[in-house]
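Trainee: Structure provided below as structure tokens; questions to follow.
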């Protein structure tokens with residue numbers, strides 16, 4: 001019988017809740033001994049690390065007298081607790097917290113593997129990226145972060161397979177944001193036409209829950225830039241940070257200084273119609289050339305160039321033909337020649353992102 005594996009989970013938002021639902025349905029699931037949210041931590045009591053936290057009933061488990069309750073713990077405290085478990089342990093970080101991500105090396109050096117959709121650790125300063133993987137080697141731990149790009153789509157695993165088998169990746173190009181995919185597929189469809197104004201489409205996306213609470217967090221292009229940073233690094237480029245290459249922001253310059261408060265968001269949405277003519281001109285310029293405009297990211301590995309912004313595409317191209325909020329990522333390589341290897345599908349949503357996390361967890365369990 002294989003030794004038990006212990007699990008700590010941080011974050012119970014949309015992705016975290018979906019992950020716990022999937023975890024509860026796994027046969028032979030690892031033992032859930034720590035569940036942390038912003039202000040409270042639930043723990044299996046030491047030294048037995050038993051009973052464990054029921055993933056299916058995690059919301060009511062806080063009432064269980066045999067479990068230990070605590071306030072928020074520091075990353076060091078969580079790492080010490082998990083490292084003392086009577087078997088290998090895994091941390092699943094379902095947050096987007098940069099402070100927690102910067103502490104991944106602390107966990108990895110203690111032999112705690114890390115599984116996460118949190119982009120911050122892998123797309124911030126290059127020194128942290130290098131430290132994460134050095135710490136994993138030192139602690140004989142594993143790091144899986146498939147869901148940092150493309151939610152549950154096999155983007156990172158596909159790129160790693162290409163690189164690890166000796167293929168030469170020359171270019172990566174695609175639509176990496178479900179939000180921006182929806183915005184442009186609606187605003188400038190490849191088939192038919194749309195009379196919707198840009199501000200109306202942004203409002204619609206916000207109401208449907210496609211955007212971040214502050215749509216500027218999507219429109220500034222930084223989310224796409226972080227994903228491109230991760231892929232470029234896997235492809236062998238030492239990208240220093242996501243702001244070390246050109247990013248075309250879709251936030252009008254006049255609105256960049258509005259605060260990120262609820263009032264600032266309301267002001268942004270109220271004033272966005274003032275700039276509809278600018279986006280209409282971009283759309284019409286593409287139409288006159290028989291094309292459509294899309295927001296894409298690209299990595300030119302040979303030229304060592306990364307770029308994020310608007311680009312025109314033929315209406316019959318795969319990128320132009322995307323529907324809804326789908327992502328598409330094309331890998332151009334020596335082996336695949338002029339026909340790229342394409343990964344396409346839903347690139348956003350709690351369930352599909354959690355699926356990527358759960359699949360990574362299973363891969364780590366297989367390898368421990």
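Note: Cβ is positioned from N, Cα and C throughout, glycine not excepted.
Source: prediction; values computed, not measured.
Swiss-Prot lists these features:
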type	residues	note
ACT_SITE	227	active site, proton donor
BINDING	12, 14, 15, 95, 349	NAD(+) binding site
BINDING	15, 59, 95, 96, 119, 349	NADPH binding site
BINDING	15, 95, 119, 209, 212, 349	NADP(+) binding site
BINDING	146, 149, 151, 153	Na(+) binding site
BINDING	212, 223	L-homoserine binding site
Trainee: Look up residue 14 (NAD(+) binding site) in the DSSP assignment and reduce it to helix, strand or coil.
Mentor: helix
Trainee: If one measures from the C-alpha of residue 95 (NAD(+) binding site) to the C-alpha of residue 119 (NADPH binding site), what distance in angstrom results, rounded to a whole number?
Mentor: 9
Trainee: Please work out which residue of 146, 212, 223 has the most C-beta neighbours within 10 angstroms of its C-beta, and give that one of the binding-site residues.
Mentor: 146
Trainee: Out of 59, 96, 146, 209, 212, which of these binding-site residues is nearest residue 349 (NAD(+) binding site) by C-alpha distance?
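Mentor: The smallest Cα gap between residue 349 (NAD(+) binding site) and any of the binding-site residues is with 209.
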Trainee: With NADP(+) as the bound species and 15, 95, 119, 209, 212, 349 as its recorded binding residues, calculate the greatest Cα-Cα distance and give it in Å as a whole number.
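Mentor: If we measure all Cα pairs in 15, 95, 119, 209, 212, 349, the largest is 20 Å.
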Trainee: If you measure from the Cα of residue 14 (NAD(+) binding site), which of the recorded positions 59, 149, 209, 223, 227 is the nearest?
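Mentor: In terms of Cα distance, residue 14 (NAD(+) binding site) lies closest to 209.
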Trainee: Minimum Cβ neighbour count within 10 Å among the binding-site residues 12, 149, 151, 153: which residue?
Mentor: 12
Trainee: Can you tell which of the binding-site residues (14, 209, 349) has the fewest other C-beta atoms within 10 angstroms of its C-beta?
Mentor: 209
